[in-house]
Each structure stands twice: as C-alpha cells, then as structure tokens.
Amino acid sequence: MFHYGLDLSLSYVLAVVEAAAILIPLRGHTSVGANADFARHSTGPVALLVVLGIIGVSVAGALSLAPTLRWFVPGDEPTPQQREAVMKLAGRQSAILVTAWALSGGTFILLNLGGGARLLLPIVLGVLLGGSAAAGTGMLLAQRTLRPIMRAATLGAEPRLAVPSVYARLVLLWFLCSAFPIAVIASLVVLRSYGWLIEKSASLDVPILVVSLAALVLGLPTMILTSRSISDPIGEVVDAMAEVEHGRMETYVGAYERSQIGRLQTGFNRMVAGLAERDRLRDLFGRHVGADVAQRAVEEGASLSGDVVEAAVLFIDLVGSTQLAESRPPQEVAEVLNDFFRIVVNAVDEHHGLINKFAGDAALAVFGVPLPTSEPASAALATARALATQLRRLPVDFGVGVSAGRVFAGNVGAENRYEYTVIGDAVNEAARLADLAKTSDRRILCSAAAIDAAGEAERGHWAECYSTVLRGRSETTHVSAPTT
C-alpha cells in the first residue's frame, strides 16, 4: 500500500513540474499587472495545493487499494466481485489523480481570476496538461506495483482491454516527451512574435532553457517507465518460451496485463497447456499402442497402409488363467496379470521389440517392425529366454512361442477406426508354439525359421527337439528349445 501511495504522489509531483514548465517561463514576460497578480497569488497557494494534493492522492489511493489487500495479503482466492474491483483499479486511480488536479487547478484559477485572460490562459493550459500528465504517469508508475495483484486476480481469466494499449502508450510517451515540450517552445515563440501574453521585447532564452531541461529530466524516466511496461511482460514470455523449449511444460506466465500484452500472456499459457495436453495424449497413445507405432502414426497420418517385411514374432500365454479367476478375487487376478505383463513389457522393450497387443492373458510381441532392427529373430529368442527366467517367480505358469518370417505390418480396420497389427504365417505359428510350450519342460519353443534367421551367437543357446504338424497347419514345423 505504501508503494502504491508513493507512486501516485510521485506522479502528482511530476505533473506539477510539467505544469510549472509552462507557467514559470511566462512569469516575468506577461503584462505588468498580470505578472504582479501572478507573483502575489502563486507562491503560497501553489505550495499548499501541492502538499494537499500529495496527501489527497495518497490517502485516496490507499483507501481504493485496501479492500483488495484484504484477500491478496492472506493469499485467498478472490471472488468475482473482488476480481472486478481489481480490474477497475486503473480507472479509479486515474479518477483520483484527475480529481485532485481538477480541485487544485480550479482553486488556483479562482485565486487568479483578477489577472485577466493574459494570466488565466496559461494557468488553464498548465492545469489541463498537468492533469493529463498525472493520469498517464500514474498509470506507468503504479503498473509495476500492481502486477502481483493483477496476476492473482486474473489467474485463469481472459484479459479485457482496460488500460492503454501498446499503441496508446507509445503515443502517450511521444506526447509527454516530444510533442508537449516542442509545442510549448513553439507557442512561446509565436506568442512573443504577436505580443500575446508575452512582450515582444522579452527574451525567451530562459523560458526555452527551462522547458528543454524539463523535457530532458522528465523524458528519460517517462521513456524508461513506458518501455519497461512493455518489455518486462514480453521478456517474461520470452523466458517462459525458453523453459518450454527445454521440455518444462508446467511453465506459466502471470497474465497481469490488461492490454494486448495480457492477451499475449494468456495466449501463451493456453498454447503451453495445449502442448502439455498433446504430449500427454501422445504418451497415453504410446502406452496403448507402443511408442514406435505412435510415432509412426504421427509422421504418416491416418491411412490404411502397411508393408510386407521380415520380422520375428513372440507369443506368450498364461496357463490356467480361467482357474485363477475362479479361485481368487478379481482385484488379485488383476494384480497378478499386471505383474505378468510388466515383466513381459520390460523384457520386450529391453530387446527393442514392440508389444503389438494384449489379448486377455496373452501378449503378442514383434521385432523388426515398425522400426527395422538388426537380427530381429535373435532379439525375439533372447527375449524368450529372459522371460523363462523372470516369470518363474510368479504364481502362474506360461508358454512362449517364437517364429519368424515375412509378415504384413501396418494399419488394419476402417478409416475412422483402425489398429496397427502384424498378419502372417509366422504369427499363427508362434501362437501354436506357445500352446505347445505349455507342456514342455522349459515352457519355451521356437520354429526352425526363427533359428535360421537368428545370429550365430543366439543359435548356440537352442537345440532342435522334434518335428510336428501344429494345430491348424499343414506343414511340418521343426521345433527347438533353449539349452540354457
């Protein structure tokens, strides 16, 4: 509250200086009578009016801000009415400064009514320009002080244009720093040339020097305030963009501005929220279909397409899952299945495979698609051997079948609903081998096609057991099992 009152007081004092830049140069250069009245009525009243004005704007500003601080200081959530009150702070602030200037200026004009038009005209001009300068400077000074309050009040709300826009601020800067002092200097020259208010014989050296010094002294802080009111929030957005570029999607920019910059701030926050939502959906999508399939879908778009490629297939199925569901509560069954699939997924990921689908208590993993890998059959066989060791600690039995060959890998379904899948004889053969493996000692079997496609190092871990015709097939399958 103290800083806010100080901002209003300082803006009032700066406006007094600007008004004095008009009146002081004219003192001593008006007609003799007017100059005498001006000298007699100005010194004491001006000092008193300035002091009263400073006190008035400080007290009024504090009273205006007090209701807002009651919820802001404790950190409470503002009500809609309290938010609306904060939105009106800028308007009330301008009203306070303009009212103070109107009262002070009106009083000063009444005190100098006897001076005639030669005296009243510059006084009225100074009061009008001083009031405008007070409102504009007050807005620039108090803006930084009110930013935390505006940020808290506008959290999650769409900003409305309630303060001067960027364009208006730049025009105001031009008016206060360039147009106003230049206009005063030009007016002094014109007035002296025609003998209006200023004697033709009067020297303008001192008045022009005073106005120029006032423009220099007041122009720099005004320019700094205006530029900071624009560059600070934009700089925050730039810094936040750098955070987002590094993947920190929780980045948030306080939307405390009420101009186009405020819309930039809220627009940035909406953009980041959209990016975070996109990443979340991509992550969920990847968890459902696999990260590689998700990436392929993003890159290639929605299409029913695929390729015939060489791949390896691993099929794993639980034994006795029906009895498990009958004898145990559903939650316990779900926990067992989650433990089972967690081991399967980790093993497949470790060997750069893809879980193509879960089917009840079974899982289908493929190697070599959608991203090609070297020796996919070796990866599938190594995964099967790892599963044989890791799944032993679960209270369930299983069977694993591995095969390899040419398969179709791509999207199958309709244009509005499809899934990535693999189709081919190798898939069927792996499923049949998994059924057969449930009765084997090591619970893992593979086809000769998988052994032939594997590398020499991996082939050393397997040995052919027998040949058989698998259920649903007409050709003989040479079955191998791991030796270690």
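Even glycines carry a Cβ here, placed using N, Cα and C.
A TrEMBL annotation is a machine prediction, not a hand-curated record.
What TrEMBL says about this one:
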| type | residues | note |
| --- | --- | --- |
| DOMAIN | 228-280 | domain 'HAMP' |
| DOMAIN | 312-434 | domain 'Guanylate cyclase' |
| TRANSMEM | 7-26 | transmembrane segment |
| TRANSMEM | 46-73 | transmembrane segment |
| TRANSMEM | 94-113 | transmembrane segment |
| TRANSMEM | 119-142 | transmembrane segment |
| TRANSMEM | 170-194 | transmembrane segment |
| TRANSMEM | 206-225 | transmembrane segment |
Margin query: Can you work out which residues elsewhere in the same chain, 6+ from the ends of the transmembrane segment (94-113), have a Cβ less than 8 Å from its Cβ atoms?
Written below: 8, 11-12, 15, 37-38, 41-42, 45-46, 49-50, 52-53, 56-57, 60-61, 64, 119-120, 123-124, 126-128, 130-131, 134-135, 138-139
Next item on the list: Let me know the model's mean pLDDT on the domain 'HAMP' (228-280).
Entry: 87
Next item on the list: Summarise the domain 'Guanylate cyclase' (312-434) by DSSP state, stating how many residues are helix, strand and coil.
Entry: 56 helix, 45 strand, 22 coil
